Every structure is written in structure tokens, then in C-alpha cells.
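Asker: Structure incoming, see below.
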Amino acid sequence: MANSQFDYVKSFESMDSCLPNCWIVVRIDGNNFHKFSSKHNFKKPNDDRALGLMTRAARSVMELFNDVVLSYGQSDEYSFVFKKGTKTYNRRSSKLSSVVVSQFTSSYVYHWKEYFPDLQLGYPPAFDSRTVLYPSDKNLRDYLSWRQADCHINNMYNYCFWNLVQSGSTKHEAQERLKGTLSSDKNEILFSQFGINYNNLPQLHRKGTVIVRDKVTYASRNALRKVRWLNGPPLCRSKAQSMLLALNIDIIGKQFWEGNPHILAA
Ligand code: DGT
Ligand code: MG
Ligand code: MG
Ligand code: MG
Ligand code: MG
């Protein structure tokens, strides 16, 4: 029924193409994961199975979209960075964010059993999604730094909070104890009360996870040791399938970016 009397309704759809020449970031975040993590007895403050499943789902997104040059995840969120010049879906914001979050969510459910073999999924989880544009490399790096700093701040708070609770404080008392404390105070609580040296806690918890593609040259040999190949070791897959690396390293400092200049050059 081409050119029918109904065609005009198409014009009500709004154009939502992302501005050219900007980094496109799609961030997904678990919807009410406070409840979801509690219902599935996630380990506190970090459940490595849950974090592993998040990274598995992020890998699916990067396998679907070759133009995602980097992704960064922590807690119940992942950010996907599309290269500045991507033409995927004509840069339509709603199409990008909806397909990313849909692929992520279905993968999360699809792979659940591999990460929680003894626990049935209690109900279908949902994730929200948004698209944000960053016009400069500095803006993009600051965005990623913001997310990694958030990971650090929450992680430190949560380690203190749950150690206080596990050692007999009520949640209210733990909250009161931590109110107004600085990072140095929390370090001290962890060390003197619980014998925990914050800097020795797993990098996965302190830094979150950054996923990059092959071609990666390493900022340091140190970083190389922390590499986890997500889809098999290099050189044994066809070139068509890109190799994805998961790293639990600092992305705030310049070392990561200077060691991997191709990411911002994308
Ligand atoms: P939202 O995003 O506004 O729908 O609400 P939530 O509840 O998802 O809140 P959000 O995203 O700010 O915080 C993430 C929640 O997920 C927080 O309650 C802690 C929980 N969570 C995430 N990862 C873990 C984990 O590894 N272990 C545990 N126990 N909880 C986790
Ligand atoms: Mg959430
Ligand atoms: Mg929230
Ligand atoms: Mg969150
Ligand atoms: Mg269609």
C-alpha cells in the first residue's frame, strides 16, 4: 500500500542521528540490580561470577559491532565506545542504544548457566541504556576516567561496609561509621580492623574491566600478564573475527592510552 493515505505518519518519527565526528558511547546498566543481586545471592561486595557474566555479554556486543573500539565495565554497567566515524545504523541514537542493550541482555541470559551452573535464573533481568556523545578525545577519556573512579570509590566503600556488617555491625551502624570518611580513613579501617591492604585486593574489583581488540601493543609487560583472551588465544582464529582482550588495568593515567594509540586514532 505504497503512497497510501497512512504514509504521512512516518514523518512523526524524529530524526535522532548522532552528531558527526563525535565519539558515541552507549552505556547499559542493570535495572534494579540491588534487588537482582540480592535475589540471586551475589557475593558481597563483588561476585566474580556476575562480573564474568557481564564481560561475557559485553563480548557479544563487541562481536556484533566491529566499530566498538573499547568497552569498560564495572558493577552492573558497561560502556561501549563506537569509533568517531562509525556509520553503523546511520548513527541513529535510538537504534544503536536499543540494539546494544538488547544484545547485551539476551547474551546475559543466554550465558547465565555457564557462570551460575547451580543457580537458576530467578526472573528475567532488564538493563537500561543511553547514548552520549563526546566531541573530543579528552572528553572521552574523562568520561572513562569518571566511570573507573566511580568503580574505585564504590568498591572501597562496599568493602568497608560489608566487612563492618560481617563483623557484627548493623547496616545502619556501618553506614554511620562510614559517613563523611575520606578514602584514607577507609584504607585505615580496612587495614587496622580487618587486616586488608586495599591495594592488594583483586584488580578486577578495584579497576573494573576494559575490553579492547587485538592490534594492542602493551603499555608494559605488567599489563600483558593481566590479559584474558576472551575468544581464544591469538593467531588461531580467522582474521575476520577480531580478538578481544579483557584487562583489569588503570585507564585513567596516560600509560594505557600512550601504549595503545590506535584506540583514539580509530
Ligand atoms: P538502577 O540502576 O537505578 O535501576 O538501580 P540499581 O539497583 O541497579 O542500582 P545501581 O546500578 O546504582 O547499583 C548497582 C547495584 O547492583 C547495587 O545495589 C549493587 C549491585 N551489584 C552489582 N554488582 C554486584 C556484585 O558483584 N555483588 C553484589 N552483592 N551486588 C552487586
Ligand atoms: Mg543498575
Ligand atoms: Mg542507578
Ligand atoms: Mg549501576
Ligand atoms: Mg526491521
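Every residue, even glycine, has its Cβ placed from backbone N, Cα and C.
Nobody curates TrEMBL annotations by hand; they come from automatic prediction.
TrEMBL feature annotations, pasted as is:
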BINDING   Asp29, Gly30, Asp76  Mg(2+) 1 binding site
BINDING   Asp29, Asp76  Mg(2+) 2 binding site
BINDING   Asp29, Gly30, Asn31, Asn32, Phe33, His34, Ser75, Asp76  GTP binding site
DOMAIN    6-135  domain 'tRNAHis guanylyltransferase catalytic'
DOMAIN    138-222  domain 'Thg1 C-terminal'
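How about a rundown of where these features are and what they're close to?
Answerer: In the shown protein chains, 15 other C-beta atoms lie within 10 A of the C-beta of Asp29 (Mg(2+) 1 binding site).
Under DSSP, Asp29 (Mg(2+) 1 binding site) is assigned to a strand (E or B) in the three-state scheme.
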Asker: In Å, rounded, how far does the Cα of Asn32 (GTP binding site) sit from the Cα of Asp76 (Mg(2+) 1 binding site)?
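Answerer: Computed Cα spacing between Asn32 (GTP binding site) and Asp76 (Mg(2+) 1 binding site) is 10 Å.
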Asker: State the mean pLDDT for the domain 'Thg1 C-terminal' (138-222).
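Answerer: A mean pLDDT of 92 is what the model gives the domain 'Thg1 C-terminal' (138-222).
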Asker: May I ask which residues of the same chain, at least 6 positions away in sequence, place their Cβ under 8 angstroms from the Cβ of Ser75 (GTP binding site)?
Answerer: Gly30, Phe33, Cys151, Asn154, Gly208
Asker: Using DSSP, tally how many residues of the domain 'tRNAHis guanylyltransferase catalytic' (6-135) sit in helix, strand and coil.
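Answerer: The breakdown for the domain 'tRNAHis guanylyltransferase catalytic' (6-135) reads 56 helix, 31 strand, 43 coil.
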Asker: Looking only at Cβ atoms, how many others are within 10 Å of the one on Asn31 (GTP binding site)?
Answerer: 14
